[in-house]
Ligand SMILES: [Zn+2]
Ligand SMILES: [Zn+2]
């Protein structure tokens, strides 16, 4: 490979012979330098800086295999070097990368002042630490994923090397760029689009429509792709919601074996949702389009990137993620195509407004020609209630319901709304606004999802981040009790409770179970805090449905009357409303030359595009699925 030769020459020119470099490798978009003399690199930090600067890549210095001491001895040494306050939870070795994975509650103490502790570990053991943060509450899922990645590290190394070969092959300048919407245009659900140049084919998101069980409507139009799935160069995932990640494992089932770019929390939360989806389908005797094996395969191919980390993903494409403030790790996607030929920003789901969970949305891009922006609440009447007012009303409903002994059921998306609502409720309790006798139950995957949030505090709003770092995580506060399936009847019978349960649109899972148990008693309240998709049970209830058939375990069907109080809040939304979308486009820098609307019901996508055209004099269009457009 021509480029690898260039990389090796660059390293050789910068690093003197005494540093004893034994090999230089490309691992995906990063460079790995193996050395018999790691001390030389520590004594002269300019080596790494110069290589990184010249090649514009992240550089990892690792020990030559001959320096790695026995794992058992290394483990002992690490425990001696790292202060016990770091609370090391796990130590595992990835020989192919000469790395030791150290999971600790206080990763800063494993790194040490100016990285001294880490350096000591390398010098004494040969192993380079890869330091991960433990969640403040145990998460089986996170543990499973992290172990999986260690277990398959030699396969992962090969995957990264193969990926690098493709990224750094020849460098033609693209004469054209084409975008093909494959799902999620003029609709919510199954978001998916194909970006092509003469050289490269990339898929952005590949989701499913969970509120539609018709296979023609549930999955993206992959059959419209006129080449084998295995020829895709990369998949880019914006965030961990099923309408964006839900169909990626199917691509692996269909033979795709290439990188999936996403942030680290997106990888873990997506795995959680996908495993749960398979589980829920199995419990309902339905067959999922893919299996756990496909999800595990997908995990091996995930290449995680932080916000604002510029990454080559093909000879003619560079990817950068930007904070989208929608869910943990959620990103807007910036694609730089060709040498300045075209710049595309896919906002994905964004919240351009206050949330308790996240810092503000990124609105500055180096260059921008085409913007794809969501329209979930893009209609002209979509104006969400102000946050303060929403929180006050929400509190009143909780008080009214629990004062009369009822339960408040809050169906939540386990990733995103659940944690936002947890923060709101925890805040009420801290201020003494809710009777301490009122219990709060968290059911389903929300507990796992919240635990994963505590492993990535750097993705949270500063105030929340600080609490997680001080081991006072609001998500794992003692006011939240974990409910198991066998507890549900008692919880409903005892009343005076707030229940947070997934799924968020009552399309399956524990929220539906609770709903049936609570529906007939008017002292209870059902509270919607998120988007209810067309066709979902949530949407039907909001539409005023008065009775529903329920099939019991014995196979008999009986009628359930919907007597409980129903409330809906739009002010907690993780999506921007019309004024926020408008402000987002107004404040974006630079101004896009073209706007495409997606991720909204047809009328909203069309209305929003018309509005942008009129308001900002920017050509705007509501493409339909399969309407290919030439961007360049
Ligand atoms: Zn989303
Ligand atoms: Zn979405």
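Backbone N, Cα and C define each Cβ position, glycine as well.
The DSSP breakdown of the region 'KHa' (1-68) into helical (H, G, I), extended (E, B) and coil residues amounts to 35 helix, 18 strand, 15 coil. According to TrEMBL, the feature region 'KHa' maps to 1-68.
Across the region 'KHb' (69-136), mean pLDDT in this model comes to 96. The region 'KHb' annotation in TrEMBL covers 69-136.
Here TrEMBL flags 176-380 as region 'Metallo-beta-lactamase N-terminus'.
Taken from TrEMBL, the feature domain 'Metallo-beta-lactamase' covers 189-387.
Look at TrEMBL and you will find 239, 241, 326, 349 tagged as Zn(2+) 1 binding site. Using a 10 Å radius centred on the Cβ of residue 241 (Zn(2+) 1 binding site) and all shown protein chains, the other Cβ atoms total 28.
Long-range neighbours of residue 349 (Zn(2+) 1 binding site) (same chain, six or more residues apart, CB within less than 8 Å of its CB): 238, 239, 241, 244, 324, 326, 327, 330, 374, 376, 574, 575, 599. Residues annotated as Zn(2+) 2 binding site in TrEMBL: 243, 244, 349, 599.
What TrEMBL records for 418-541 is domain 'Beta-Casp'. DSSP states for the domain 'Beta-Casp' (418-541), grouped as helix (H, G, I), strand (E, B) and coil, give 59 helix, 18 strand, 47 coil.
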Summarise the region 'KHb' (69-136) by DSSP state, stating how many residues are helix, strand and coil.
35 helix, 19 strand, 14 coil
Listed in sequence order, residues not in 243, 244, 349, 599 with Cβ within 8 Å of the centre of the Zn(2+) 2 site Cβ atoms:
184, 188, 189, 191, 205, 207, 238, 239, 241, 348, 374
Where the criterion is a Cβ under 6 Å from an atom of ligand 1, which of the binding-site residues 241, 349, 599 meet it?
241, 349
Which chain-mates of residue 243 (Zn(2+) 2 binding site) that are at least 6 residues away have a CB under 8 A from its CB, listed by sequence?
184, 188, 189, 190, 191, 207, 208, 209, 210
Which residues, in sequence order, are found in the same chain with Cβ within 8 Å of the centroid defined by the Cβ atoms of 239, 241, 326, 349 at the Zn(2+) 1 site, excluding those residues themselves?
238, 240, 244, 324, 327, 330, 348, 416, 574
